[in-house]
């Protein structure tokens, strides 16, 4: 009934992931055990969240390269706060992370909307600024595990029905994001603005405002992931998640989100991230060199784009070329 | 390519006879003839839709005629490709020049046929020298090394002309060359046309402006409805005769009969002005009325409509809707107040291709199909089905992306989208542009139906039969201002053309 929640292409990708997992299990049977699959999911949870956040932005014909820098900066701020004031409750820190992330995202959105700077330039700029800010506030120092409070580190690892909180958060947000994209006027506006900005204007939609909101959502989720990342890995420093934005964009593209805007689903982005997650987790256990991981991810991107171009005859801007060369 | 000048003088530089061209549903040209002589300017006049642009496309090899003959200096020719036309010495300078801002003047002149050195590299020295010579030949002293973007629009035109001449063109087509120029620049263009004449070029000059035609043309050819209706020497005619030739026909398309029962004013606009596009626009739109807006291309009609719809901001002016003062700052506010705008370029500005039909139809009505912030798909489908059926939309399912539909069905989706907002006032910008004749009648019938239900329509149209057949009143705009207003009984094609082009009354 609803073309946006799931597309046939998503099922195809899901099938490809299953085949991949089966192929791996012939070399390493334990890969498909429930506990290992839960581990792979938990490992991929942050990539999944960033991927569907990025989807909102890409749907509007923009791109957000600052997500990983936003994550690192927000993560550093909450980690520092935790060392200074260990008594601040974790939920307050999470709210703060969402807020900081949203503000950082809103800055991108504002520059794209009001100053009309091309999105790729804006977010390349803020990427560098946010990374620089981490250095400024931390003075180049690391925040290590022993400086963080136990509650701070424990939260994402706590389990509920045998599944870690980190995974639960990502599952919850998948549902929320799916609802936003398919069941709200805002979500529909993302598709309209990316599909045909001129037509959106005549329909009473302000493309600038919609893009601003997409960036703010992307930023808020990046901020949340900032806390989750530093608490899970129990360390914060300037270079965490360095280059992770390229994995995020790659996940979207593999998931069938059109770089030209207007096409893509939450499910697709999630599956794209899972595909990368499976490759990343499986290859080391079947003794494939990590260098092959990059080549395989790259090949998957090219295949996915070729597939999109054939299936939808969309004119994709070749932003990915840069993603590959810088990767 | 050397040609004996004495032959060139006696034989037409290019001649067309019996040329016909049909497109699906339309006969664009019906056995037309046109003759251009070296050293003469021939003005081609006719209303929009008379077949002028089709003729230009045949002359430049973009379209192939279905029948007829083209001779160049007496020899039969076929322009199978634009290259063939260029090699035969036919070149066109378009209304909007197709040049490259970041390239130098010389590169713009020689792009695609740059002189080469022995090693196959671009011979910059020769290219710049020849560009300088060509520009000097048309009386322009422009440094060929400058980037094009540093030149004013008039000088850019000169570069376009130099480019046209760089291929040794004998026939130069100028399609509304003055549309974007200021008065001073137009004067310079006249000088340029004189220079081209002296150099023995045959010039086809397409213009809606009669003062220009009488100023520089030697001959005229009049097209009407795809046929050549008259030709002759400019010295032997006057503007009244030309206007009559252009519009002289019974309105042959059947327009729906309807009784005008205009009610109370629904929209009152006063003093609407914009710094550059339009000034002092004021009028009243009544319930159940079709108000036509006629004018030449570039008269500021669409620009005014965009301001009325909140896309651009007027510098001053006020509106009242249902006699209450209203302010429209954005399209969303306009839609909320019951005004919708169906834009001219429905392909580019109308539908969102990747989105399914039902989502396109409900796009401006999302607040109505939402409950507590969530969209109700069932309501969206119901709304889409209701308006899709009303417009006889043919689609396998409402889930289909609009991009997969035929052009006619896409148009229906766009119109359904606006009707679904239940507007009071619909602004239709060129409602039947690019629509085949059968669908035109359907659009017109539908417009009548809408006004009978009490809606009010503002119709921007450049087609005189449509304006005359559909409007209850007509406002003619010229150069950003209202030039005239006519009630239905008083509308004549001549009056419209005169008001739009500022031609005085017949003596």
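FYI, residue positions are counted from 1 along the chain as it appears here.
Glycine too: its Cβ is placed from the backbone N, Cα and C atoms.
Going by TrEMBL, these are the annotated features:
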- A:45-78: transmembrane segment (TRANSMEM)
- A:90-111: transmembrane segment (TRANSMEM)
- A:117-138: transmembrane segment (TRANSMEM)
- A:159-181: transmembrane segment (TRANSMEM)
- A:212-230: transmembrane segment (TRANSMEM)
- A:251-279: transmembrane segment (TRANSMEM)
- A:291-311: transmembrane segment (TRANSMEM)
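Non-local neighbours of the transmembrane segment (A:45-78) in the same chain are 93, 96-97, 100-101, 104-105, 108, 112, 119-120, 123-124, 126-131, 133-134, 137-138, 143, 166-167, 169-170, 173-174, 177, 180-181, 190-191, 193-194, 197, 207, 210-211, 214-215, 217-230, 236-245, 247-249, 251-252, 255, 257-266, 268-270, 272-274, 276-277, 319; each lies 6+ residues outside the stretch with a CB under 8 Å from one of its CB atoms. Sequence-distant neighbours of the transmembrane segment (A:90-111) (same chain, 6+ residues past either end, Cβ-Cβ under 8 Å): 64, 66, 70-71, 73-75, 77-78, 81-82, 117, 119, 122-123, 126, 130, 151-152, 155, 211-227. Tertiary neighbourhood of the transmembrane segment (A:212-230): same-chain residues 45-46, 49-50, 52-54, 56-57, 59-60, 62, 64, 66-68, 70-79, 93-94, 97-110, 112-113, 143, 148, 156, 166, 169, 173, 180, 186, 190, 236, 240-241, selected by CB-CB distance under 8 Å and a gap of 6+ residues from either end. Only residues 6 or more beyond the boundaries of the transmembrane segment (A:117-138), in the same chain, are considered here, and those with a CB under 8 A from a CB of the stretch are 57, 61-66, 68-70, 72-73, 76-77, 80, 104, 107-108, 111, 211, 236-238, 245, 319. Within its own chain, the transmembrane segment (A:251-279) has Cβ neighbours under 8 Å at 4-7, 9-10, 13-14, 16-17, 20-21, 24, 40-41, 43-44, 47-48, 50-52, 54-55, 58-63, 174, 177-178, 181-182, 191-196, 293, 296-297, 300-301, 304-305, 307-308, 312, 314-317, 319-320, counting only residues six or more beyond its boundaries.
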